[in-house]
Amino acid sequence: MSEQVHNRLAMVRAERKVSRQSLAEAVGAHYQTIGYIERGQYNPSLDLALKISKFFDLPVEALFSLEPFRPLTDKVYGRNQP
Amino acid sequence: MTTTRLTRYDRSMLRLMNDRRCQAWYATAARRRLAVAAHITLTVAIGALMTHFFLAEGEPLWPVAAMAVLLLPWMVATGIINGATRGLLELREHVLDERQSAERSRVLARAHRMTTLLLAATAVALLITGGVDGNAPKAYAAPLLIAVLVVHWVMPLWVAGLRAEDEPADDEMLEAGASRRA
């Protein structure tokens, strides 16, 4: 039951210059919950994950994954994983 | 949170419980533990004074005065723990988000297990003292019952206070940016 869900929420949120508070208000969650998701201390429900994805206008798999995300620079500049 | 419309009471409680002015008082785990320890100590002291008041000959008034004095710091400690948990136990269910609802259920379940153990220990202690001194259960049953009831009432608060976690790292840069844009 404690499957770790990896996410890129902190990075995307910083990139879009959205505060935790405003994201939390938009998706109907507490700002601490957003922080706990970013720290990997809480796995959001499908409902909340979809709301967050919709807020950023991104597919849910761009933000949440069961596998660790590859660093974005590796993806952009095509460096292969070791 | 907020799939149901919030009442004025809900909104004011939400604001109160998320007021960050006293955040420094519960910012670290050590301070939260200290607040819970102080709350437990004050609860025990108030309970002891109440017991003394009921059991002492002539019902002296000083325990009532002492209780009234101790109630103020007790309320402050309650407020600190509620602030640390962001009103986990004080806010109504529909005001909490999914993480908070799940956390409240975990807190209540753990508190229930602990008070069950406490009740069992109290019953065993009463039976043993009854075996030694036949009158003891009759004399101590009422104060013990009240003590257990009080503990049952405040145990979720203690558990929630001890389980509360540190704030996620500051978001000041983005918040400052947002306020500049506004």
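Positions of Cβ are set from backbone N, Cα and C atoms, glycine also.
If you check TrEMBL, you get these features:
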type   : residues : note
DOMAIN : A:9-63   : domain 'HTH cro/C1-type'
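Helix, strand and coil residue tallies for the domain 'HTH cro/C1-type' (A:9-63), in that order: 38 helix, 0 strand, 17 coil [DSSP]. For the domain 'HTH cro/C1-type' (A:9-63), the model's average pLDDT works out to 94.
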